[in-house]
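Asker: Checked TrEMBL, it gives:
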- A:1-20: compositional bias 'Low complexity' (COMPBIAS)
- A:75-141: domain 'P-type ATPase N-terminal' (DOMAIN)
- A:116-134: transmembrane segment (TRANSMEM)
- A:140-158: transmembrane segment (TRANSMEM)
- A:332-356: transmembrane segment (TRANSMEM)
- A:391-412: transmembrane segment (TRANSMEM)
- A:Asp460, A:Lys461, A:Thr462, A:Glu570, A:Phe611, A:Lys634, A:Arg669, A:Thr749, A:Gly750, A:Asp751, A:Arg852, A:Lys858, A:Asn881, A:Asp882: ATP binding site (BINDING)
- A:Asp460, A:Thr462, A:Asp878, A:Asp882: Mg(2+) binding site (BINDING)
- A:940-965: transmembrane segment (TRANSMEM)
- A:971-988: transmembrane segment (TRANSMEM)
- A:1018-1041: transmembrane segment (TRANSMEM)
- A:1053-1072: transmembrane segment (TRANSMEM)
- A:1079-1101: transmembrane segment (TRANSMEM)
- A:1107-1129: transmembrane segment (TRANSMEM)
Amino acid sequence: MDSNASIESESYRSFSSRRSISSHHSKLSASNSIGEATCAEMGSKKVRHGSRGGADSEGFNLSQKEISDEDARFVYINDPARTNERFEYARNSIRTAKYSVITFLPRNLFEQFHRVAYIYFLVIAILNQLPQLAVFGRGASIMPLAFVLLVTAVKDAYEDYRRHRSDRIENNRLALVLVDGEFRDKKWKDIEVGEIIRVRANETLPCDMVLLSTSDPTGVAYIQTINLDGESNLKTRYAKQETLSKILENMSSGLIKCEKPNRNIYGFHANMEVDGKRLSLGASNIILRGCELKNTAWAVGVAVYAGQETKVMLNSSGAPSKRSKLEKRMNVEIILLSFFLITLCSIVSVLAAIWLRRHRDKLDNIPYYRRKDYSETDVENYNYYGWGWEIFFTFLMSVIVFQIMIPISLYISMELVRVGQAFFMIRDGGMYDEASNSRFQCRALNINEDLGQIKYVFSDKTGTLTENKMEFRSASIWGVDYSGGNPDLQSEQVAHEVEVDGKILRPKMAVRADPELLRLARGGRESEQGKHVYDFFLALASCNTIVPFVVDTEDPSVKLVDYQGESPDEQALVYAAAAYGFMLIERTSGHIVVDVQGEKQRFNVLGLHEFESDRKRMSVILGFPDKSVKVFVKGADTTMFSVIDRTSNNNVLQATEGHLLSYSSMGLRTLVVGMRELSNSEFDKWYIAFEAASTALMGRAALLRKVASSIESNLCVIGASAIEDKLQLGVPEAIESLRMADIKVWVLTGDKQETAISIGYSSRLLTSRMNQIIINSNSKELCRKSLEDAIIKAKKLSGPNVSSNMEGSSGAVTIPVGLIIDGTSLVYILDSELEELLFQLASHCSVVLCCRVAPLQKAGIVALVKKRTSDMTLAIGDGANDVSMIQCADVGIGISGQEGRQAVMASDFAMGQFRFLVPLLLVHGHWNYQRMGYMILYNFYRNAVFVLILFWYVLYTCFTLTTAINEWSSVLYSVIYTSVPTIVVGILDKDLSKRTLSKHPQLYGAGHRQEVYNSKHFWLTMVDTIWQSAAAFFIPLLAYRKSTVDGPSIGDLWTLAAVILVNLHLAMDIVSWTWVTHAAIWGSIVATVICVIVIDAIPILPGYWAIFHAAGTWVFWLCLLAIIVAALVPRLVVKFFHQYYCPSDIQIAREAEKYGRLRDHGTVEIEMNPILEPPRR
Amino acid sequence: MSSTTAPSSSVAAGSADASGARRNSKRPKYSRFTQQELPACKPILTPGWVISAFILVSIVFIPIGVAALFASRDVVEIVKRYDTDCIPLSERNDKVKYIQSPGNKTCTRNITVTKHMKKPIYVYYQLDNFYQNHRRYVKSRNDAQLRSNGSSDDVSGCSPEDYSNGLVIVPCGLIAWSLFNDTYNFSRNNQQLSVNKRGISWKSDREHKFGKNVYPRNFQNGTLIGGAHLDDSIPLSDQEDLIVWMRTAALPTFRKLYGKIEQDLQENDVIEVTLENNYNTYSFNGKKKLVLSTTSWLGGKNDFLGIAYLTVGGFCLFLAMAFTLVYLVKPRQLGDPSYLSWNRTPGCH
């Protein structure tokens, strides 16, 4: 059994109560109710490892009462008319498309205007429509917004068209529906709730239905839920015995009372009344839309949820959206820029007010103002609304003119850049996983750059660090350890074969076997030890929920036995049993067939208590051919030893315990197997109780649990099994890299402490040089004490002052400290004042290992760190138990591995292997951060330069917001003239090569230190902006003073100067020039020239032909040259000095990359082992 | 350059594809573009580059600056302010009243040529403190009306000078209305100096912007006269003063071409200017100046560009020398790993 899972699900019960305490979770729920819902539902997933026999939904619904009539849906079987009489339940047609022809325009616009940026655009455009404020012409002011809206609308329309098309195809598929006593083809969209549907093998289910009968006489149906949760293994669903026989006749008498449609795909709660009998239905009785029927010739069911109300449709929602740290940071600067904008506007308004005041007597007939209109007989003010209003209008007009000070286009550019970055991350061949055939996935598109600033990595163990491919390694039977089976010799792998009906049956996977044990197993039950071996492997083969499938191979005489099941641990055990000659061949709900050393034996399965997280064990009651009845139990050691009869065989018990300890210290997952023979009276007693419990309508789960506990007692221990979960490829190297990048790795696992520590060693998380601090405490006071002691110890060990992060990165740590803490202690620490102590302690430790933690504790630990530091956290995991942690962390990564897809669904990024974390963070994360950080600053600069040029000119126009620059050029400036290069650079520029970045993980520190985007850079950039804009403005102003120059000519000069200036500024900062960058930069300048020429070739505009006249003079070109040189020289000087005399790591690495010096004189040695170096002071 | 080398992973990708193991493999297709391995040039600011760039800039800039200064010095420019001088002393305390009153406002000034002036000599009028770029002013025109007869009724944007006595004004708007109307007559030694007023406007404006069949109508008929009258019989395309005036100036101090004197003027020549002082700049304290100027390849007299170029060039030369010095005193080996932050004790920053 999956001990990992079991422990995690245990605490799940406390999920809802605890959530309210943790501030983080309440935040989550406030911000995203969908995320919350998925979170709760993810948690339920684990229970499938536990009870299945119809008890699922009760186990989950906190209230175990009857469904009240108000909350219920009544489905009259085979009577859709009556079913839909009172309430019109949704038909089975689905609609994933968002819009129809009529609703497209309003709805699409409404959705687009959810972005603040667009609203800002719109408000400005509307302001501009007021005649008093008409700064730009109507067209010019609306054009950019209209353009963006149009492009997005076309994109949305196209996507929606495709959705319409697929909806249509989906809705018109055919299914067999019972009409007038026979099954006829009916389109999916016409299926109604209450109808009886027949599905054949390999068909997709059209709606959610309750199974009535199947081709299997016991009523089993196998389904594949790959479309639902991505799990490809087969799951079993059962039809109720009572409905099996009556497919066609009498069915209309049935009534199903079930819960209202909900999103929980692992729970279902209903009653069925057939022939006056009430049956309870659970999640194992329902098959869901989107699943496929497998290995079952046909199945018949009644539709209970259709169309939009099916669980799969209710679950189709995107990942929760997060906002990147950089973007949050950026908002501060945006606010600063807003203040700056308001300041500029205020300056203009005040100056305008002063001017108006001083000239108030002359305004009536100054030629260039002419307040009075003399054309009418009564002379009136013309276009003048009084002093106050004029100032107010001036203010608003200046907001319109200077609008791009707030770089709204930046938001759109950022989105485009992230899409581009995601494209390259997805396409990275280095992050493609061959085994699962999966690419990297970007599920959240707005936190790419956070990947460059990760400080804490929280990792799950099973399936994340390890492969979650279980392999049977050792067995301890009756106190004897069988750990032979040399792992190095492939030849020893045993594939036990049996011949049945002239066909050779062979298990699909071979297992390394211990020769001694093999000999014993083959020897039969004669010897004492042989008897125990027999019991042990029979227990392994029978005590599970694995379903064997016999699969054909290319060779007709050989067939493979494929064991399908939900727990990889169980699969491994069954394969092991098969290798030792106990091959499970057939399983129905009533019996199993096991081939024991070539002899087919049939055992009646009298009862099965499935795995449950409370008990952490499962049991099966087998009726032997010789009429004896035995109960086999297997489970986690902690719970097994409490139900074992300690009076007899104490030696065996002690030996087994010793073996368990040694197994788990090797990093193996252990399970204890026990058994007991039942006397007739005992069996009868149990049987009555079991029958009563499994047909109980109320509190069935609790009753079953009680029955199970009564039978699982006084067991005699047979032995223990050990399963190895192999480390994934490249994990130790990846962890080493992450540690060198000064990323703190915390491993959170549900495993036992010994297992966790041993995995810690093998993954190089823990090293022998590391000082371990272990905290296992059973009360709050003890926790406090051990934490305080540990802090003192850690401080002593980790050198004088390692409190700041900067210090830690420079390699001053003397002895690294690893903290190991278990879930019990965490119970007392989390959500109490001890959190602070734990955080202090953890900040002294380079590694933290938490074992025996529950899913919610995982989230609690992430929240603990997140609350106390501004550093970025990343959580990586593969199972449903990691979902809460993934959603809690700043960046959540799902491993698309063995344990289903819940983690992937909840994640922001998904990938196939843990080791991809290294290219993801160190390479792509680094690039994304560098690019995005630079792009934001550059966009601020770019727009501010332009605005300031406009502003300086306003000072020479009586503060009336005239722009020398053509209005179309002002509008196109941030749309066409300068936008493409930033986006291209934001997507493509690489400061360092992939190889350098992954070879020197320390370079990742640039993101931690926020080297690209910080206040200092912002202010420097702004000062530079002021200088550049002044140079661009005043050089032409002075060169053209007292000349005949007209507005449009000098305006064209300013336009070209600004565009060339900002593009060259960008060019100066580009690190790697590819043809794309060249094309973007020079292309933009050429495009600008073309646009300016085109605009000036329109005779109707005042600036007609201005560019040709201006460009025909030397002054024009000399001004342009002078502007560019004068504006850029200060920046070049500062940049050069900084790069040369205060080089950043990146700068040095870049030089080294170019001049190939990084490999010289053994520096690699120094770099590779920063932790081993003594402090250099 | 190092960026061009493909990492081993992608090589492996290629071979895996070649083996064609799985047809529906989702392995991303390898291309240098998608793997971000396009050949790239990665320039680095080395001292050599920076110093030579600065030297180059100074080599280019200093000669240009010298040339520009010489060009500017060669230009002979005579500026004569006349707005106050042309008002009789008795009227000077209320100049606005004087300028608004009807009557002959002829005024004669003498200009002494300081230096030999080669033809053509450009005659400009310069207005100070006249905001031709004022928002209310610059928008008060209708380009469609100016261009073709068909749109002559289009006066949108022209108010308050759109209708006069209910009739459409052509050309409408404040700009046309305020057309400059001082006139100058030059004579030397009592001999008339002819001023050529043809070709003073842009050819493009005459041919495409101002219509050949658009004639002034109703112009300057209102109660308030803003400036010059136009001859109703001449099409707008030939009204060059109007065309020049309607190219609104970028800055509040501007010159407009009045005409050209196609004769050389000798040093110490005394030019007698008979001017009609009609234009009202007094209401907003605007100055009026008469400018005679020759021209160079760089335009009129303006030392700014020359000085700017010399300054920038000199500064760059200084920087180049400073860098060289600093570089020689304290060089740093490029790409030396011992400077990496994890290989050195904290220092710089």
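Cβ atoms are placed via backbone N, Cα and C, with glycine included.
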Asker: Using Cα coordinates, what distance in whole Å links A:Arg669 (ATP binding site) and A:Asp878 (Mg(2+) binding site)?
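Answerer: Cα-Cα, rounded: 18 Å.
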Asker: Establish whether the number of Cβ pairs under 8 Å between the transmembrane segment (A:971-988) and the transmembrane segment (A:1053-1072) reaches at least three, counting only pairs separated by 6 or more residues.
Answerer: yes
Asker: If one measures from the C-alpha of A:Phe611 (ATP binding site) to the C-alpha of A:Asp878 (Mg(2+) binding site), what distance in angstrom results, rounded to a whole number?
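Answerer: Spelling it out, the Cα of A:Phe611 (ATP binding site) and the Cα of A:Asp878 (Mg(2+) binding site) are 21 Å apart.
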Asker: Would you report the average pLDDT that the model assigns to the domain 'P-type ATPase N-terminal' (A:75-141)?
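Answerer: That region's mean pLDDT is 81.
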Asker: Do at least three C-beta pairs under 8 angstroms join the transmembrane segment (A:1107-1129) to the transmembrane segment (A:391-412), pairs 6 or more apart in sequence?
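Answerer: No; fewer than 3 Cβ pairs under 8 Å.
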Asker: Counting distance between Cα atoms, which of the binding-site residues A:Asp460, A:Thr462, A:Gly750, A:Arg852 is nearest A:Asp882 (Mg(2+) binding site)?
Answerer: A:Asp460
Asker: Measuring Cα to Cα, tell me the gap between A:Asp460 (ATP binding site) and A:Asp878 (Mg(2+) binding site) in whole angstrom.
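Answerer: The Cα atom of A:Asp460 (ATP binding site) is 7 Å away from the Cα atom of A:Asp878 (Mg(2+) binding site).
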Asker: Determine the C-alpha span of the ATP site listed in the record, that is the greatest distance between any two of A:Asp460, A:Lys461, A:Thr462, A:Glu570, A:Phe611, A:Lys634, A:Arg669, A:Thr749, A:Gly750, A:Asp751, A:Arg852, A:Lys858, A:Asn881, A:Asp882, in Å to the nearest whole number.
Answerer: 27
Asker: Please report the number of other Cβ atoms within 10 Å of the Cβ of A:Asn881 (ATP binding site).
Answerer: 33
Asker: List, in sequence order, those binding-site residues among A:Thr462, A:Gly750, A:Arg852 whose Cα sits within 10 Å of the Cα of A:Asp878 (Mg(2+) binding site).
Answerer: A:Thr462
Asker: So, in DSSP terms, is A:Phe611 (ATP binding site) helix, strand, or coil?
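Answerer: In three-state terms, A:Phe611 (ATP binding site) counts as strand.
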Asker: What same-chain residues lie close to the transmembrane segment (A:116-134): Cβ under 8 Å, and 6 or more beyond its ends?
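Answerer: For the transmembrane segment (A:116-134), the nonlocal Cβ contacts are 141-142, 144-145, 148-149, 383, 385, 393, 396-397, 399-400, 403, 406, 408, 411-412.
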Asker: Would you identify which of the binding-site residues A:Asp460, A:Asp878, A:Asp882 has the most other C-beta atoms lying within 10 angstroms of its C-beta?
Answerer: A:Asp882
Asker: So how many other Cβ atoms are close to A:Gly750 (ATP binding site), meaning within 10 Å of its Cβ?
Answerer: 30
